[in-house]
Amino acid sequence: MTLIKFIEIMAILVGAFSGFIEARRKRMDLVGVFTVAFITAFGGGTLRDILLDKRPLFWVTHQEYAILIFVLALVASPLIRTLRQMVSERLIVIADAVGLGLFSIAGVSAALDANMPIFIASMMGVITGIFGGVLRDIVCNEVPMVFRDGKPYAICAFLGNWLFLLMGKYGVGHDFALWSSALFISGLRLITWKFDLRMGR
Amino acid sequence: MTLIKFIEIMAILVGAFSGFIEARRKRMDLVGVFTVAFITAFGGGTLRDILLDKRPLFWVTHQEYAILIFVLALVASPLIRTLRQMVSERLIVIADAVGLGLFSIAGVSAALDANMPIFIASMMGVITGIFGGVLRDIVCNEVPMVFRDGKPYAICAFLGNWLFLLMGKYGVGHDFALWSSALFISGLRLITWKFDLRMGR
Amino acid sequence: MTLIKFIEIMAILVGAFSGFIEARRKRMDLVGVFTVAFITAFGGGTLRDILLDKRPLFWVTHQEYAILIFVLALVASPLIRTLRQMVSERLIVIADAVGLGLFSIAGVSAALDANMPIFIASMMGVITGIFGGVLRDIVCNEVPMVFRDGKPYAICAFLGNWLFLLMGKYGVGHDFALWSSALFISGLRLITWKFDLRMGR
């Protein structure tokens, strides 16, 4: 298994896991737990692809991820309390930060491939990174967390996306630009988490 | 009028009716009543077609259904209390079960036509069957009922979709597979309703 | 700058402004304020284009509008209280009515270009006019205002759309039909607002 495949699966699992937790908190049943986990994991990329009119969708060509979440929903539902104790918060935040970086840059990259103008591409990256959680919160009947907690989550993605776009403009190699920007986002996210930085309102 | 046309109209009317009731409970006005009824009746199929990138949408090629719901919203709104008394709960549940079976199998079938992999096709069937109600509840600012009441509604659709997919794989005739799977879903739904079966959480 | 460009910008600004206010009322941070303003300004047209499968989206080809809302979100957020006092309610209602007329007729026109049947075209016009606000309210975790306040907002758009469709059918010049219908919607909206007319429920 390549490194990028491994990170991809980790990022999807973290998304699904946050969906599991939120769905259980809302006392949802198996159907709700699976659907919310699925939406959290794939909602951002799906919305991006609908806006770009890109098909087939990621989870359609990789049905193994949908099956994975399905199996996890079957087994995880009764185990969620145990799972939450097993997995430390630190690990979740780290995996989530890695996912944010990877998904955001993948989103920008997909938008550029579709010939989007530059500011729109930077927005598409943020949408890919955060709208899984936004849709999760809408389905769970909450005001989306990422819009109100004042933590610079989307901002980290936005800044890293521009780093990626600028490196592309100034001729930095594509692969290096991709990895370093994703790393920048993940790192910035972890620093702001570590020091509990907030935006003013 | 053919049988399938009749069942189709019944299923759409049942969807619209459940939208009417929910919209009135939320004290919505005429615009809300029409929109929520429309979303409940066509939301699942519309979401499926957007995910599959299939156009034109069902209600676009059959604008008579949209007009029907519009006229019903005009006349039904003041009559909703009377209507609820006229129509027994049993009849609503039966019509809804028939609709669930028909729409789910139609959804799987449309997904197969679009060359979806098998697990995704089974999911598209469930989405077609249940997302009208999910979108209704989101617009009405509720956690979707189908995600939290523990009744095996989506599960019935899921099992019937797999019955249909397996019959296709083992060479059972298309028409027979279609009708028997839809019947299976409707029957299973009615049995679980009759005996008030619940999933564990 | 042409007149239509000026009205277009005004209508988008009014949409964004109503998003700013709602997002601030929900105590959202900068990310929420920008996103909700963006959704309110462009949500209706975006939903219409997704339903019609039309690309590129309006705000993709005109990224300057997205950038404008971004800059406004940066500066407006701390100034929102001052802004609300500076801008009289009368001015907001007038600009909003102009926007409703313009967007609705633009929506009908786009639907006709995509060969939609006539009733569907009238619905697409209403969707373009009102669904920005609907999506704003869903993201802000409210039952959409336009579905429950009993004010004939969507109705004005609906009637004007039919005026436009009928003028087209009876050979009235396209430009005249477009402007007079948009004006009709705006005027009707302002009259119903002035006299505080309500629909019965």
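Each Cβ is built from the backbone N, Cα and C atoms, and glycine gets one as well.
Per TrEMBL, transmembrane segment is recorded for B:6-23, B:30-51, B:57-79, B:91-112, B:118-139, B:151-170, B:176-195. Under the heading domain 'Glycine transporter', TrEMBL lists B:6-76, B:94-167.
Contact between the transmembrane segment (B:57-79) and the transmembrane segment (B:6-23) is supported by 3 or more Cβ pairs under 8 Å, counting only residues 6 or more apart in sequence. Counting only same-chain residues 6+ beyond the ends of the transmembrane segment (B:30-51), those with a CB under 8 A from a CB of the stretch are 12-13, 15-20, 22-24, 57-59, 65-66, 69-70, 72-74, 76-77, 103, 106-107, 110-111, 124, 127-136, 139-140. The DSSP breakdown of the domain 'Glycine transporter' (B:6-76), given as helix, strand and coil counts, is 61 helix, 0 strand, 10 coil. Across the range of the domain 'Glycine transporter' (B:94-167), the DSSP-based residue counts are 60 helix, 0 strand, 14 coil.
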